[in-house]
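Taken from Swiss-Prot as is:
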type	residues	note
DOMAIN	5-70	domain 'J'
ZN_FING	139-217	zinc finger
REPEAT	152-159	repeat 'CXXCXGXG motif'
BINDING	Cys152, Cys155, Cys205, Cys208	Zn(2+) 1 binding site
REPEAT	169-176	repeat 'CXXCXGXG motif'
BINDING	Cys169, Cys172, Cys191, Cys194	Zn(2+) 2 binding site
REPEAT	191-198	repeat 'CXXCXGXG motif'
REPEAT	205-212	repeat 'CXXCXGXG motif'
Amino acid sequence: MSKRDYYEVLGVAKTASESELKVAFRKLAMVHHPDRNPGDKEAEIKFKEVNEAYQCLSDGEKRAAYDRFGHAAFSQGGAGGPGFGNEFGDFMSDIFENFFGDGRGAPGGGRGRGGAPGRERGADLRYNLEISLEEAFSGKTETIRIPTSIACEACSGTGAKAGSKPRTCSTCGGYGRVRAAQGFFAIERTCPNCHGRGEVVDDPCTACSGAGRVNRERTLSINVPAGVDDGLRIRLAGEGESGLRGGPSGDLYVFLSIKPHPFFQRDGADLFCRVPISMVTAALSGEITVPVIDGSQTQVRIPAGTQTAKQFRIKGKGMPVLRSREVGDLYIQVSVETPQNLTKRQRELLQEFDQSASDENHPESAGFFSKVRDFFVSGATRA
């Protein structure tokens, strides 16, 4: 059976650079790897084909021979077929270690080739903090208490009882990973005995039960700057769980949420407030007093003939912009309130007004009903 062209197998041009070959190979190897296609014979064949093509084209001398003679260069009596040495195994191990292990490579546990047991970074923590809109306006310092874990002082984070120490894992030789043969190919997996640490604790510390960490509650002060918005995340570096074996601590992420306000709605740095006004004030004009987010009050002049939903802008009375000197605006939207529970005299006065009113007093409604009449008249004419 004839072999496919190696360039065709990798899906690259004959002028492809070394980096282009490597990218194509990694992509195809991921797709056809036997561990990702268990029991799929076709995938296994394609995987071997991809490996063979890359081994040839990634070697300068073999590629030159292949470009000149094709597959005949590696037939019996030729230059020799592409091999799969230890260097290739190490290279492929680097590619697949994050896919077929448990993620204990960098920056966490495990150990490098020939190195000491790796440091393990502490876990990140999350804290949800709810504040008021006024606190978001002015900023504040909040003291919080968080449950976390710190390095055990009794064993200095090793997990071993005082006077003893962890021993090198006999299963993986302290490497933290073991190799499993997959046909002609070797795949690395996290060691099932030491779980990637490279060490085993035979006599665990009684204070932490061999975990190397103990649970504690910590008190922290969080600076909430003025102008924060709902959903903002504050990162406190190194304030998460302690690392193991000298590893760095994780981070603490504080997620802010802002309580609903009884008066104000927020849109970015701008605030909106709906204020009811009397029918008389709307008709004759007047002044109303409205609240401001800083706790003060301000006056708004209502002109005669103001309608519901009319909006008034008060510049510079909104929220501060985070890490800026800019400030948003306050928008007052009025709602004309229809009077209720009228006395006899009040009803009489309104009836007198209605009898004396003309379309000039209600231009919007007069215009609307005029359009309605025109609509029906034109409809009747067409019929």
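Yeah, the Cβs are placed from backbone N, Cα and C, and that goes for glycine too.
Least crowded of the binding-site residues (Cys155, Cys208), judged by neighbouring Cβ atoms within 10 Å of its own Cβ: Cys208. Counting residue by residue with DSSP, the repeat 'CXXCXGXG motif' (152-159) contains 0 helix, 0 strand, 8 coil. Sitting within 8 Å of the Cβ centre of Cys169, Cys172, Cys191, Cys194, and not among those site residues for Zn(2+) 2, are the Cβ atoms of Ser170, Thr171, Gly173, Gly174, Tyr175, Gly176, Arg177, Val178, Pro192, Asn193, His195, Gly196, Arg197, Gly198, Glu199, Val200.
In sequence order, Glu153, Ala154, Ser156, Gly157, Thr158, Gly159, Ala160, Lys161, Pro204, Thr206, Ala207, Ser209, Gly210, Ala211, Gly212, Arg213, Val214 are the residues of the same chain, not among Cys152, Cys155, Cys205, Cys208, whose CB sits within 8 A of the CB centroid for the Zn(2+) 1 site. Under DSSP, the residues of the repeat 'CXXCXGXG motif' (205-212) split into helix, strand and coil as follows: 0 helix, 0 strand, 8 coil. Nearest by CA distance to Cys152 (Zn(2+) 1 binding site), out of the binding-site residues Cys169, Cys191, Cys194, is Cys194.
In the three-state DSSP classification, Cys169 (Zn(2+) 2 binding site) falls within coil. Its own atom aside, the Cβ of Cys172 (Zn(2+) 2 binding site) has 24 Cβ atoms within 10 angstroms in the protein chains shown.
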